[in-house]
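Colleague: Here you go, one structure.
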């Protein structure tokens, strides 16, 4: 072939590649709309007919799912005309054309080195620490009466190890709009993810098939929602399925773990979470269990994932058989606890159900960790069906075991608990959770105290807060802490952000992400930490913003307006909420405990040299 022709072909290939990269980076608009309509289903049907839409029903409340077949199914720009027509309707309160959201199953695909991995070592082993499920089972807790659903690519409902526990009321196919969550079969079996997760939770016992689920008498359902276009409507439908029947939703997916994405739930999915925790399970709150992410190789941070970073989800990380941080693990301050999963070649993986009525011993990643946690939570819920969604998080914090887990960042927080960005409060302990759950007294109402702080362009800022002292929203004992930040920088991935509590607990809200070259910064992004759980929030909080760039000089350029907004949000309980029936005995009111025993009981106090050092600013910060 002549050289000129080769150059022409090469030029065309380069242009096609560049165009493909541009298309991949652009938003893809669908022919679906989410529409909030005042007037009920009849008014929604009228509006849909008048403008050529098909009404696919309500998502929840007064939100409806419209689709227009005259609009392109996939386009790089929104259909402004249709959107304007909807907005002109007096009864339309809000409308949004749905865009395709990038969601990745949090599985780690790697060839196993040994096809005959031993069986479920993580449930019971004489030589390593395990999840202590046998203690819970011995007490008669096997998940009976608890309903768990897997939000994923469907589940094989007729699998011989799932069929006896399958619950059609906890299942739906959101992708195709029918009641059958059966996965779509392909030559590569890429839709195996949900079936594998389901078996970890509720594979039946004593039937001679595969292994057993952690909660092997629980009912299991599946929502097929990842095998198609994932939009805000799709996510909201899935998160809000039958919330008075389903107790636990387990999700092992999220935005791309590429070390540069900053994404989370949109309007309807946020509302679905809120309705779930306020109205689900007869107002005890739906329990959302989430895999923390597999972006370790890309140096990702799960605090940039709005699902794991939410106060409404119970975020679960992974550890290996030997108790090390896996190569795929993402460190972040929102992780609450850990279960086992895969590690390096030679380390064991997870045994569970697989597509085509088979079994596997090679389920991997944080995808495998979250369902194990969902199973343990089902055991605790069977022990006490009156637990709220916040009670469950308290149980996890109090019973998780730092034990043999190896990490360089273990620290002791202000109330004496060990906590890590890689593991949260440690390895889940099923036996300890059911024991504490049985006589647990519900925590007090959730309080929210908001301090909006004018910080300017400072890189390190300290402020004494009163935690809304003297007002109904006063928080005396912390649960979650959020730092809502609006800041700009010419390369977002160069930033590290730390928050230090009045008791000295240092949470890294953002680790540097070398792959994140975005200049968009953060726009009112709520970074969350669980590391100060049970601490007294009154006193001086310090925010540190660090530039890890080689020169560091571009960070303080005033033209960048580095930090324009900082809102500190304290979530927790008011006074007199300590659970007297738990192993957590009342602590000193100023959280001055110096030493705790193995059951987290205070056995020694710090003597303050001067009360002057504890003077607090009682004025409200605006």
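Cβ coordinates are placed from backbone N, Cα and C, and glycine is handled just like the others.
This is the feature table in TrEMBL:
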SIGNAL    1-25  signal peptide
ACT_SITE  152  active site, charge relay system
REGION    160-190  region 'Disordered'
ACT_SITE  193  active site, charge relay system
ACT_SITE  367  active site, charge relay system
DOMAIN    435-576  domain 'P/Homo B'
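Show me how these features fit into the shown structure, please.
Modeller: Just so you know, the Cβ of residue 152 (active site, charge relay system) picks up 30 other Cβ atoms within 10 Å once every protein chain is counted. In the three-state DSSP scheme, residue 152 (active site, charge relay system) is classed as strand.
Sequence-distant contacts of the region 'Disordered' (160-190) (same chain, six or more residues past either end, CB-CB distance under 8 Å): 56, 147-149, 153-154, 198-199, 202-204, 207, 209-210, 213, 216-228, 234, 237-238, 241-242, 245-246, 353-357, 359.
DSSP assigns residue 193 (active site, charge relay system) to a helix.
Neighbour density for residue 367 (active site, charge relay system): within 10 A of its CB lie 30 other CB atoms from the protein chains shown.
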Colleague: In angstrom units, rounded to an integer, how far apart are the Cα atoms of residue 193 (active site, charge relay system) and residue 367 (active site, charge relay system)?
Modeller: 8
Colleague: What does DSSP give as the helix, strand and coil breakdown of the domain 'P/Homo B' (435-576)?
Modeller: 13 helix, 63 strand, 66 coil
Colleague: How many Å lie between the Cα of residue 367 (active site, charge relay system) and the Cα of residue 152 (active site, charge relay system)?
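Modeller: Here the two Cα atoms lie 10 Å apart.
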